[in-house]
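Only one structure is covered here, and it is reproduced in the block below.
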Amino acid sequence: MTLLMSMSMSMNLVSIIVLVGVSVTFGGVNGLSMGYYLMSCPFVDPIVKNTVNRALQNDPTLAASLVRMHFHDCFVEGCDGSVLIDSTRDNTAEKDSPANESLRGYEVIDDIKEQLENQCPGVVSCADIVAMAARDAVFWAGGPFYDIPKGRKDGTRSRIEDTANLPSPFFNASQLINTFARRGFTAQQMVALSGAHTLGVARCVSFKDRLDGTDPLLSPNFGRTLSRTCSNGDNAIQTFDATADSFDNVYYNALSRGAGVLFSDQTLFASPRTRGIVNAYAMNQALFFLDFQQAIIKMGMLDVKEGRWGQVRRNCRRVN
């Protein structure tokens with residue numbers, strides 16, 4: 001048996017283990033289930049997957065955006081599609097917060113929603129679409145496949161002040177651990193979810209404060225790299241790792257070399273409480289994939305709306 005075949009079989013086994021675990025651990029919780037749309041909208045998964053794949057073929061950088069959108073949705077008002085709602089004259093919504101102004105991919109969600117409304121009107125929630133799109137973006141970028149329980153309902157609240165719940169790029173490891181713990185996550189799950197930074201970029205405005213010479217975690221060599229990026233302005237971008245469009249463990253290897261872009265990235269290696277987890281993921285991509293799968297499925301269960309507490313929006317950008 002070749003090494004490639006052995007690795008492939010190992011990763012398939014990892015996916016099978018996770019899917020079995022998910023069915024046992026999460027199936028039916030909060031009224032969600034794997035087969036929620038089996039009778040009411042049986043083609044929901046291929047519609048989401050095919051639309052995401054087409055979008056990413058045209059613009060691979062959208063993979064990072066779709067995963068980040070899911071995180072920013074769930075960590076504010078729960079996984080309820082609130083990040084999709086447009087601001088109105090009377091309300092500034094989450095998406096117009098400085099923390100969300102670089103989010104992209106809303107048009108992908110709109111495209112999926114339009115197709116699903118044509119196939120099965122009023123059935124599939126925007127919250128489920130966001131979760132499924134993130135799942136398919138991870139897999140398209142080379143990450144693990146995982147399935148998710150479905151049946152989330154859409155929320156009716158989206159306020160800019162609620163985005164204060166999002167972790168800051170300036171947090172140290174203790175602050176990150178405490179922030180995630182309040183949402184029910186362990187330190188290991190927090191480090192695994194941070195691995196989503198294997199995709200995408202950061203803007204200079206989120207790390208330029210590290211360049212004033214007072215950041216003990218910033219190596220001189222990497223500091224010069226970040227300074228060159230920021231010489232092009234606050235909106236200049238720096239990739240989190242060398243493979244910004246591929247879901248892999250290169251992010252953790254970057255942290256071990258002192259090349260974490262955000263302070264909240266590099267602190268994971270600097271802190272004794274999380275350094276061992278970073279090293280483990282840097283050495284073992286399969287372990288990272290397994291832990292990431294479990295953590296992101298758990299994240300997708302945060303404060304799920306159901307019954308009269310939610311709705312299925314006809315248009316993801318506004319409440320019915």
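Just so it is clear, glycine is given a Cβ too, placed from its N, Cα and C backbone atoms.
Predicted-model confidence for the domain 'Plant heme peroxidase family profile' (31-320) is 96, expressed as mean pLDDT. Among the features that TrEMBL reports, domain 'Plant heme peroxidase family profile' is placed at 31-320.
Neighbour density for Cys120 (disulfide bond): within 10 A of its CB lie 16 other CB atoms from the protein chains shown. TrEMBL lists Cys41-Cys120 (among others) with the feature disulfide bond.
Shown in sequence order, Leu103, Ala196, Gly200 are the residues of the chain, 6+ apart in sequence, with a C-beta less than 8 angstroms from the C-beta of Arg68 (site 'Transition state stabilizer'). TrEMBL lists Arg68 with the feature site 'Transition state stabilizer'.
Taking all protein chains in view, 21 other C-beta atoms sit within 10 angstroms of the C-beta of His72 (active site, proton acceptor). If you look up TrEMBL, you'll see His72 marked as active site, proton acceptor.
As annotated by TrEMBL, Ca(2+) 1 binding site applies to Asp73, Val76, Gly78, Asp80, Ser82, Glu94.
The disulfide bond annotation in TrEMBL covers Cys74-Cys79 (among others). Using a 10 Å radius centred on the Cβ of Cys74 (disulfide bond) and all shown protein chains, the other Cβ atoms total 27.
Long-range Cβ contacts of Cys316 (disulfide bond) within its own chain (separation 6+, distance under 8 Å): Gly81, Leu84, Ile85, Ile109, Asp110, Lys113, Cys126, Ile129, Asp154. Feature annotation from TrEMBL assigns disulfide bond to Cys126-Cys316 (among others).
Counting every protein chain shown, the Cβ of Pro167 (substrate binding site) has 19 other Cβ atoms within 10 Å. As annotated by TrEMBL, substrate binding site applies to Pro167.
Taken from TrEMBL, the feature heme b binding site covers His197.
As annotated by TrEMBL, Ca(2+) 2 binding site applies to Thr198, Asp241, Asp248. Every protein chain considered, the tally of other Cβ atoms within 10 Å of the Cβ of Asp241 (Ca(2+) 2 binding site) stands at 22.
If you draw a 10 Å sphere around the CB of Cys230 (disulfide bond), it holds 18 other CB atoms from the protein chains shown. As annotated by TrEMBL, disulfide bond applies to Cys204-Cys230 (among others).
Other residues of the chain with a Cβ within 8 Å of the Cβ centroid of Asp73, Val76, Gly78, Asp80, Ser82, Glu94, the Ca(2+) 1 site, are His72, Cys74, Phe75, Glu77, Cys79, Gly81, Val83, Gly155, Ser158, Asp162. Nearest Cα neighbour of Asp73 (Ca(2+) 1 binding site) among the listed recorded positions (Cys41, Pro167, His197): Pro167. A 10 Å cutoff on Cβ-Cβ distances gives Glu94 (Ca(2+) 1 binding site) a total of 25 other Cβ atoms nearby, all chains included.
The residues near the Ca(2+) 2 site, meaning same-chain residues not in Thr198, Asp241, Asp248 whose C-beta sits within 8 angstroms of the mean position of the site's C-beta atoms, are Gly195, His197, Leu199, Phe240, Ala242, Thr243, Ala244, Ser246, Phe247, Asn249, Val250, Tyr251, Tyr252, Ala254, in sequence order.
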